[in-house]
Amino acid sequence: MLGPAVLGLSLWALLHPGTGAPLCLSQQLRMKGDYVLGGLFPLGEAEEAGLRSRTRPSSPVCTRFSSNGLLWALAMKMAVEEINNKSDLLPGLRLGYDLFDTCSEPVVAMKPSLMFLAKAGSRDIAAYCNYTQYQPRVLAVIGPHSSELAMVTGKFFSFFLMPQVSYGASMELLSARETFPSFFRTVPSDRVQLTAAAELLQEFGWNWVAALGSDDEYGRQGLSIFSALAAARGICIAHEGLVPLPRADDSRLGKVQDVLHQVNQSSVQVVLLFASVHAAHALFNYSISSRLSPKVWVASEAWLTSDLVMGLPGMAQMGTVLGFLQRGAQLHEFPQYVKTHLALATDPAFCSALGEREQGLEEDVVGQRCPQCDCITLQNVSAGLNHHQTFSVYAAVYSVAQALHNTLQCNASGCPAQDPVKPWQLLENMYNLTFHVGGLPLRFDSSGNVDMEYDLKLWVWQGSVPRLHDVGRFNGSLRTERLKIRWHTSDNQKPVSRCSRQCQEGQVRRVKGFHSCCYDCVDCEAGSYRQNPDDIACTFCGQDEWSPERSTRCFRRRSRFLAWGEPAVLLLLLLLSLALGLVLAALGLFVHHRDSPLVQASGGPLACFGLVCLGLVCLSVLLFPGQPSPARCLAQQPLSHLPLTGCLSTLFLQAAEIFVESELPLSWADRLSGCLRGPWAWLVVLLAMLVEVALCTWYLVAFPPEVVTDWHMLPTEALVHCRTRSWVSFGLAHATNATLAFLCFLGTFLVRSQPGCYNRARGLTFAMLAYFITWVSFVPLLANVQVVLRPAVQMGALLLCVLGILAAFHLPRCYLLMRQPGLNTPEFFLGGGPGDAQGQNDGNTGNQGKHE
């Protein structure tokens, strides 16, 4: 604890700053303790010329000052002092620290690393077969900041299994436990940061980007990881290049020019720059001078907060800068801590007392730690007081303290006395360590990484230096606040960076060239659809589905058949009503006048049977509309053909009788006429119907019609219909009827009618003509009409056939019965003279009269 006098001096120094006297900050970078922690911080930067001209293994001179490095060192100092003042973490023990400057150069970081590994109380690193009992000067190391340095120092510390906790090295390679078994860090690895960057590109629809990295291990590995992440998300890298690290001469300027030329050639509007600070500075320095068009820059954490890059003149013209910074707990007391220690560093009495207390730390070996730190003021470091990585340093110290607490098995009363803890013993308790810092729970995973959230930062220019504004967050998934983002475009519209335009709904990509992001948009045809926006081929609908052109989904097909409510069916039902009404009317008249010469000349009971059959033909039409079923399909043809056969067989008997009476000799006519009337006539009808039954049975057994669903006939519907399996068998089912009609026509076409008598042959001739015209027209019409309308065609053919027979044969007789009853005489219909009334019952007399 600081004494009252010191506190008073510090208060006086804060009230009277800027005396111009040198500070003693460099003497505050070391403190003794029971266990000492080493620290590697970029307190300064070495001159490039000095590094290139180095010919002897001497230490380079670090002349330039790094304010962030000093603040991070003070954060470690504050954390150690807090732990020493607490009674719950390491009671009774005191931590010390030994902080060194790395100059951000591996060659400079080597010397303090060797010093840390020297045996406690000496300057030497002795060679042993077994280092299990080896006690180095420090128990663990905090740092370094950069991955480049951690790659070098990590090999040293890993050999001795000395825990090393970096507060800024984020390279994924450092997670390899085989190579770096003692490496830990309080920042997420680059993979997490690059995953967030890839999610950002995907969020804004940027799939045509350039990816640049610094020409070092950090940049090369970052580009390798990003390439894999981008490919998995459908992001195309138009150009991938390395930015050379700057040197004192201009030998690498041409390479920077080539990189920028390639970026311009690729016409990208978004560039991922995963580079170190110096590489980013060199790239932007040349970009500004060459007037590179503004772009969206996705920054790596390494240069996003760099004053060196932010302060470049003209940097505001480079476009929009977005990047991710890790989120940690706020260290509210840290700014006051820095102010207090800067004030103490101006007090000669405090500095003198500090020098006496810290003697014996071998200054002659390490030299003055940070001479440039003794010439600063609060204004030099005020900009970085709230730097995001300050918390990482603070957390790194607490992680080591918690591991030491676990190793020593400390409790509220103290830590049990035991031999000094070796680094490898501490390391065993570092794995999967859980600790709390500032109320935030942290845990090292098996690779030594911590899981921390990222804030999405945007550069917002206020004057000559930008400020970082939060515009989103990443904790495994990205959330952005788009309304807060100010784009560099004139209308503040989000820039577009795509090789090809976004395909419209129902279009898929046809890739051209080598990049999957460069493509033509092709419409999906009917019957296919685009399932996902990134599809390169249309997905076909299932057979029970359909889709229009340029569709994004399929629709269920509805069943299509000849429904009852369709206009064609309604029209046919009207025709059915007409035909059935005429049949019933004719049947009623014939039954009522069944004993009249007209009805007897028309066949008597056979004529009534024929009309009943015509009525059944009309009713069979009702089997065709409606949803098809197996029973309907099987019944349609037999139930329409058999009644028609019965009707045609009665007409055939009429035609045969007329032919016999008119064309054959009288002796033959007398014998045959008896066979064409009475029981023998019914036998002919039965025989004809049995033949039709046989044909229909063969048709149903050999080639039964079946209900089928055709998914391809109609574009949007599933056609359900009765499929005829054999058109030959279908035609043979009509053979009996066609034969009867043909014989009727032949028997009546050339018959001479008797003058003064009713011409019975003419009605039969025209009835058969109507039959043939109907069914001959039916064949080509059925072959060319849509399948769904085929039942309607057959319905129409049946009804027209019935109407034709009625109109030609039955209706004229009905007219005579109703309008000219005086002609309903035996003489007019049977051919006898006016006084020969008995001739109607005498077959021979009747036949003689006809021939006369």
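Using the three backbone atoms N, Cα and C, a Cβ is placed for every residue, glycine included.
Residues annotated as signal peptide in Swiss-Prot, with sequence analysis given as evidence: 1-20.
Confidence over the topological domain 'Extracellular' (21-570), given as mean pLDDT on the 0 to 100 scale, stands at 88. Per Swiss-Prot, the feature topological domain 'Extracellular' maps to 21-570 (among others); the stated evidence is sequence analysis.
In the three-state DSSP scheme, N85 (N-linked glycosylation site) falls into the helix class. The Cβ of N85 (N-linked glycosylation site) has 9 neighbouring Cβ atoms from other residues within 10 Å, across all protein chains displayed. Here Swiss-Prot flags N85 (among others) as N-linked glycosylation site, drawing on sequence analysis.
Under the three-state DSSP scheme, N130 (N-linked glycosylation site) falls in the coil class. The annotation N-linked glycosylation site is assigned in Swiss-Prot to N130 (among others).
Residues or ranges marked as N-linked glycosylation site in Swiss-Prot: N264 (among others). According to DSSP, N264 (N-linked glycosylation site) sits within a helical segment.
The N-linked glycosylation site annotation in Swiss-Prot covers N285 (among others). N285 (N-linked glycosylation site) counts 18 other C-beta atoms within 10 Å of its own C-beta, drawing on all protein chains shown. According to DSSP, N285 (N-linked glycosylation site) is assigned to a helical segment.
Marked as N-linked glycosylation site by Swiss-Prot: N380 (among others). Within its own chain, N380 (N-linked glycosylation site) has F65, S67 as residues 6 or more apart in sequence whose C-beta sits under 8 angstroms from its own.
Sequence-distant contacts (6 or more apart, same chain, Cβ under 8 Å) of N411 (N-linked glycosylation site) do not exist in this structure. N411 (N-linked glycosylation site) falls within a strand when secondary structure is assigned with DSSP. Per Swiss-Prot, N-linked glycosylation site is recorded for N411 (among others), and the stated evidence type is sequence analysis.
The N-linked glycosylation site annotation in Swiss-Prot covers N432 (among others). For N432 (N-linked glycosylation site), applying a Cβ distance below 8 Å and a minimum sequence separation of six or more within one chain yields R443, F444, D445, S446.
Residues or ranges marked as N-linked glycosylation site by Swiss-Prot on the basis of sequence analysis: N475 (among others). Taking the Cβ of N475 (N-linked glycosylation site) as reference, residues of its chain lying under 8 Å away and at least six apart in sequence are, in sequence order, E453, Y454.
Feature annotation from Swiss-Prot assigns region 'Required for brazzein responsiveness' to 536-545.
Residues or ranges marked as transmembrane segment in Swiss-Prot (evidence: sequence analysis): 571-591 (among others).
The topological domain 'Cytoplasmic' feature in Swiss-Prot is assigned to 592-603 (among others); the stated evidence is sequence analysis.
Residues 562, 572, 576, 579-580, 583-584, 586-587, 590-591, 594, 632, 635-636, 639-640, 643-647, 650-651, 653-654, 681-682, 685, 791-792, 794-795, 798-799, 801-802, 805-806, 810 of the same chain lie 6 or more positions beyond the ends of the transmembrane segment (604-624) yet place their CB under 8 Å from a CB of it. The annotation transmembrane segment is assigned in Swiss-Prot to 604-624 (among others) on the grounds of sequence analysis.
The topological domain 'Extracellular' annotation in Swiss-Prot covers 625-639 (among others). The topological domain 'Extracellular' (625-639): residue composition by secondary structure is 10 helix, 0 strand, 5 coil, according to DSSP.
Per Swiss-Prot, the feature transmembrane segment maps to 640-660 (among others); the stated evidence is sequence analysis. Away from its own ends, the transmembrane segment (640-660) comes close to residues 602-603, 606-607, 609-617, 620-621, 623, 668-669, 672-673, 676-677, 681, 684-685, 688-689, 691-693, 696, 733-734, 736-737, 740-741, 743-745, 747-748, 751, 760-761, 764, 767-768, 771, 794, 798, 801, 805, 809 of its chain (Cβ-Cβ under 8 Å, at least six residues beyond either end).
Distances between the Cα of N130 (N-linked glycosylation site) and those of the glycosylation sites N85, N264, N285 are shortest for N85. Within the same chain, the transmembrane segment (790-810) packs against the transmembrane segment (571-591): three or more Cβ pairs sit under 8 Å, each pair at least 6 residues apart.
All chains included, 6 other C-beta atoms sit within 10 angstroms of the C-beta of N130 (N-linked glycosylation site). Using a Cβ-Cβ cut-off under 8 Å and counting only residues 6 or more beyond its ends in the same chain, the topological domain 'Extracellular' (704-729) has close neighbours at 526, 543-544, 546, 555, 557-561, 627-630, 632-634, 636-637, 698, 787-788, 790-791. Under 8 Å, Cβ to Cβ, and six or more positions away along its own chain, N264 (N-linked glycosylation site) finds L292, S293. It is 48 Å from the Cα atom of N85 (N-linked glycosylation site) to that of N285 (N-linked glycosylation site). Under 8 Å from some Cβ of the topological domain 'Cytoplasmic' (592-603) lie the Cβ atoms of residues 610, 650, 653-654, 681, 758, 760, 813, 816-817, 824-826, 828-830, 840, all in the same chain and six or more residues away from its ends.
Remote same-chain residues near the topological domain 'Extracellular' (784-789) are listed as 560-562, 568, 710, 713-714, 719, 721 (criterion: CB distance under 8 Å, separation of at least six residues from the stretch ends).
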